[in-house]
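Undergrad: From TrEMBL, for reference:
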TRANSMEM  6-31  transmembrane segment
DOMAIN    22-331  domain 'G-protein coupled receptors family 1 profile'
TRANSMEM  43-65  transmembrane segment
TRANSMEM  77-99  transmembrane segment
TRANSMEM  120-141  transmembrane segment
TRANSMEM  175-201  transmembrane segment
TRANSMEM  278-303  transmembrane segment
TRANSMEM  315-334  transmembrane segment
Amino acid sequence: MLSAASILLLVYAAIILVALGGNLLVCVAVFCDRILRRQQENLFLVSLAVSDLLISLLVMLFAAANDTLGYWPFGRLYCQIWICFDITCTTASILNLSAIALHRFLNISRPLVYVRRRKICIVIAFVWLISATIGFTQIILELAQRDEGNGGRNETDGIKYDDSYPRCELRLKPFYALGSSMCSFVIPAAMMVLLYTRLYLFARKHAKIMRIQLQQTANFAVTPTACEGIRNSANVEFYDRIFAMCHCCHKNDPTVSERVKPKNTSSQLCITDQKARLTLGVIMGTFLICWLPFFIVNVIRSFLPDLISDVQFKAVTWLGYANSTANPIIYTILNRDFRIAFKKILFGNVLCSSRDVCLNGSCG
């Protein structure tokens, strides 16, 4: 029977490997697929994948070693570097999520306004600049609160030494904990909740208007080809297609044009509304479940360090890390273009095609 330490190590390994594989797959898909490269939102998704990939490589791997061994074996210098990478990359991941929410809201509420790729790149650069500032502030201004040693302990460079077992541990002062939590989580989370709520209400309002118009019309002509064009559009993101389908009816209609009763269309709009709620619920629910406990515990720990045990803090920390595992699934698996690219990559269909997915370098 596996010991508790072995089970914990397996959990760590699963989180890290899925995060590594998923985020690397997103980057490769966007890089190799012409259609995905043309979609502006995918710039944000690549930035998100890079931040989550860095969390997997530079943060989670060393956190797993630290937690499993019970001490920090990588030296004093990398302890500081690791802490900075931790704060910077996790903040970048969260800020990228809020940037995606803003971009999607603008796409729906202002569909005729074209946002240039240059502006998106500026926003992404700003996200990383803010993240790096938050991540490195605690070292530059020495706002980190170290545990004071006794009985052979020595506090140097953020590592707590207990006889022969060094520990890399960051104890934040209340001011820094509150400030970083506001910038890294509270403001982005509030922004995401507001934007996704407004986005959903906006889509629901237009669906309701459509329903009223259909009820006022005895017969409604539908062209399945046009509906299919909306579903297959390269510029419509995964849940944007759901909202766009408010203007369509049945997916598998056999005829080119047919008449649909208003009550049938009304039922379809109801299903669309449920899909929209489910999709947005998964996005916000996963984000809040993963990160809310950590930031609550982090602030409490800065004021009352003895109230939160090491086990509790590690648990909420890894719950936050798990968000980097969930992001590539949530933000790409419901996107038809990503699913096609993933299948080509995973199942070896890498020859040149109309989608220009060319991993073997044979494309000219």
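Yeah, the Cβs are placed from backbone N, Cα and C, and that goes for glycine too.
Just so it is clear, the model here is predicted, and its values are computed rather than measured.
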Undergrad: Apart from its near flanks, which chain residues at least 6 from the ends of the transmembrane segment (120-141) lie with a Cβ under 8 angstroms of it?
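TA: For the transmembrane segment (120-141), the nonlocal Cβ contacts are 40, 43-44, 47, 51, 80, 83-89, 91-92, 95-96, 99, 103, 158, 170, 172, 176, 180, 183-184.
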Undergrad: Count, for each of 77-99, 175-201, 315-334, the Cβ pairs lying under 8 Å from the transmembrane segment (6-31), and report the range with the highest count.
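TA: The stretch with the most close Cβ contacts to the transmembrane segment (6-31) is 315-334.
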Undergrad: Take the transmembrane segment (77-99) and find every residue of the same chain, 6 or more past its ends, with a Cβ under 8 Å from one of its Cβ atoms.
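TA: For the transmembrane segment (77-99), the list is 44, 47-48, 51-52, 54-55, 58-59, 62-63, 123-124, 127-128, 130-132, 134-136, 138-139, 144, 157-159, 168, 170, 180, 183-185, 188-189, 191-192, 195, 287, 291, 320-321, 323-324, 327.
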Undergrad: Can you give me the average pLDDT across the domain 'G-protein coupled receptors family 1 profile' (22-331), rounded to a whole number?
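TA: Here the predicted model's pLDDT, averaged over the domain 'G-protein coupled receptors family 1 profile' (22-331), is 77.
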